[in-house]
Amino acid sequence: MTYEILDHESDIGIMVYGTTYEELFSNAVYAMADLILDVGKLKEKRKMHEIIRGNTPEDIMVNLLSRVLFYVDTYYTLYFRATCKYEDSTLDVYLYGSEIPEEVEYRNVIKAVTYSEIAVKPEDGFARVIFDL
């Protein structure tokens, strides 16, 4: 399993696993998408290239997931797979996903990615992210 769900007061969180920054960022994209919808029911039909910057790995995690959430809210497109390269405070990422079908039932409606309790620690094998619902 690449992630687990964390109960967090009125919010929800994820703990993702990986031993590199790239694994943690990619697994976080999948985990957040799977919190929103059952991604097993979607097929990859869209591809998007993004350059994400931040001062810290935690900034990049928040910026990356916020960008994925932007596409959900604005274009009704859910990106649920990512391939990426992390170097010098920059994440070069390709996102893969699908338009959200009209008849789909949302698991959770995520309003925002937060800095609350955030951690990105490949040396310890995990990253933690909390979302506002």
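A Cβ is built for glycine as well, from the same backbone N, Cα and C atoms used for every other residue.
Same-chain residues at least 6 positions away in sequence with a Cβ under 8 Å from that of D11 (Ca(2+) binding site) are, in sequence order, T114, S116, I130, F131, D132, L133. The secondary structure of D11 (Ca(2+) binding site), as reduced to three states from DSSP, is extended strand. According to Swiss-Prot, the Ca(2+) binding site annotation covers D11, D132, L133, on the basis of similarity to another entry.
Other Cβ atoms within 10 Å of the Cβ of D132 (Ca(2+) binding site) number 14 in total over all chains. Within 10 Å of the Cβ of L133 (Ca(2+) binding site) there are 12 other Cβ atoms, across all protein chains. Classification of L133 (Ca(2+) binding site) by DSSP places it in coil, neither helical nor stranded.
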